Amino acid sequence: MDSRELSSAPLTHDRSYLGPPGSGRKPPECHRQRRKKDWSCSLVAVSLVGALGSSFLYGYNLSVVNAPTPYIKAFYNESWERRHGHPIDPDTLTLLWSVTVSIFAIGGLVGTLIAKKIGKFLGRKNTLLINNGFAISAALLMAFALQAEAFEMLIVGRFIMGVDGGISLSVLPMYLNEISPKEIRGSLGQVTAIFICIGVFVGQLLGLPELLVKESTWPYLFGVIMVPAFIQLVSLPFLPESPHYLLLEKHDEARAMKAFQTFLGKADVSREMQEALAESCVQRNVHLLSVLQLLRAPFLRWQVITVVVTMACYQLCGLNAIWFYTNSIFGKAGIPQEKTPYVTLSTGGVETLASIFSGLVIERLGRRPLLIGGFGLMAVFFGALTVTLVLQDHAAWIPYLSIVCILAVIAAFCSGPGGIPFILTGELFQQSQRPAAFIMAGTVNWLSNFAVGLLFPFIQRSLDTYCFLVFAAICVIGALYFYFVLPETKNRTHAEISQEFAKRNKASPPEETGDTAVAEKANGGPGPDSSSTLDNGVKDRAV
């Protein structure tokens, strides 16, 4: 894996020591040490603070409603009886609970659709800051619902929390993608997935009976949401805005250079400015694309298809179905019902460890192997899980094998498919296309999430334990698609990735000549002065 020189010396790079691509030659120790400089304190801080108040809360809200379900349903019944004088009908209670769970996905879709407009005017960082208002207001509504004797506050709070999640999963990956050097873009982007898994695990942990899942304390589970949101609200203002946003959309070269210097931890950022300038010239005369324009653009056809397939497989691969069977499988294995929450923590732990593993190896192995291998292994373990579920009554040890298969499916998912879709969406599109791409990806993500919640009970009722074969087939289709279509994006600029897809699209962006001029300038050849080129780009370009 090649590395970037981050010293303040002139940016001349001799990459001959690496040999041809795929040769397997490793960089010398000195270059391996220089690569560590890519991780500046500011990059680490913004990734941790940004993810804590964004993707962490998304993961936390996925799992936090599971443990207090009996208490929440009892609260619904008591509120209904207090108002109407009779207990709630079981069907009505089921409907209210289904709305409480699924409205999170509807809010997520709304948040995805408004993220572009907010991000265009406020920028990436300020959008995340404003988004904390949604999280804090949702936390207050849900935390005081029991005291106010109004279950509607819990439902509205879940919707608002979904809006927060939709904005977070659209803006945070975009922000991290734009501030990271290409050598560590995958590892930094994987922080989003790692904190989703940590959020799920913390939700399971706080849901233990010894902690917050009690008749009088379960609302505190939702009040906890305010803590990460407040930490982000007071910390993120001290970190810079995305330099790509400042340079390419606000045309503020001075602030962009200062942001590059802060994030990269060095004074000489001429190469990074040149790369951003190249993208600026490619996008000259190009407005910020709408979703419809993105879908119609022939030179983006396969990028769009790839993101749609990736996000659809992310939600439809069957991981949500795993949670449906977890408790019953644990029961078959002889685990007492009161011990099930503690054993469930193992799933959250496996998720977290697998996502951390993915973040450590993604820049060595690349995106393709992790996606193909992850979906391929999920298909294998889904097949094995189907066999063990069918035969679980034939031997006492088979349910334990089912538990192993469940943990293996979770590990395979989080090692690649669980985080890379968010990274790819930022990598496959350039600056003017990226906001629309994240809207499209988020829409597919949340609609697929909603479809799984709506259709899975019917699939499970029709196919019973064989339902996992449907998800195995989806995983196989995803793995085959990535094998034949997806190029490796590791350590490539956005322009280079676009060039790779141009071969399959059989169409190139009409602004490609501008990129050539800047590339010649960056390589020492003829070309306009960078500052004058930027000024001309600003005059000709409307964003």
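Every residue gets a Cβ built from N, Cα and C, even glycine.
As the structure is a computational prediction, the values presented were derived from the model and not from experiment.
According to TrEMBL, the features are:
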DOMAIN    47-490  domain 'Major facilitator superfamily (MFS) profile'
REGION    1-31  region 'Disordered'
REGION    500-543  region 'Disordered'
TRANSMEM  41-60  transmembrane segment
TRANSMEM  95-115  transmembrane segment
TRANSMEM  127-148  transmembrane segment
TRANSMEM  154-176  transmembrane segment
TRANSMEM  188-206  transmembrane segment
TRANSMEM  218-239  transmembrane segment
TRANSMEM  304-325  transmembrane segment
TRANSMEM  345-362  transmembrane segment
TRANSMEM  369-391  transmembrane segment
TRANSMEM  397-424  transmembrane segment
TRANSMEM  436-459  transmembrane segment
TRANSMEM  465-486  transmembrane segment
Fill in: Candidate ranges 304-325, 369-391, 397-424, 436-459, 465-486 - greatest C-beta contact count to the transmembrane segment (345-362) (under 8 angstroms)
397-424
Discussion item. Using Cβ distances below 8 Å and needing 3 or more such pairs, separated by at least 6 in sequence, tell me whether the transmembrane segment (304-325) contacts the transmembrane segment (465-486).
Written reply: yes
Response to the item:
Ranking 154-176, 188-206, 218-239, 397-424 by Cβ pairs under 8 Å to the transmembrane segment (436-459) puts first 154-176
Fill in: Proximity verdict for the transmembrane segment (154-176) and the transmembrane segment (41-60), three or more C-beta pairs under 8 Å
yes
Worksheet item: For the transmembrane segment (397-424), which partner among 127-148, 188-206, 218-239, 465-486 gives the most CB pairs under 8 Å?
Response: 188-206
Discussion item. So if I exclude everything within five residues of the ends of the transmembrane segment (465-486), which remaining residues of that chain have a CB under 8 angstroms from its CBs? That is, six or more out.
Written reply: 302, 305-306, 309-310, 313, 316-318, 321, 367-368, 371-372, 375-376, 378-379, 382-383, 385-386, 389-390, 417, 424, 456, 459, 504
Item to complete: Give the one range among 41-60, 127-148, 188-206, 369-391 whose Cβ atoms make the most pairs under 8 Å with those of the transmembrane segment (218-239).
Response: 127-148
Practice prompt. Calculate the per-residue pLDDT averaged over the domain 'Major facilitator superfamily (MFS) profile' (47-490) and state the result as an integer.
Written response: 82
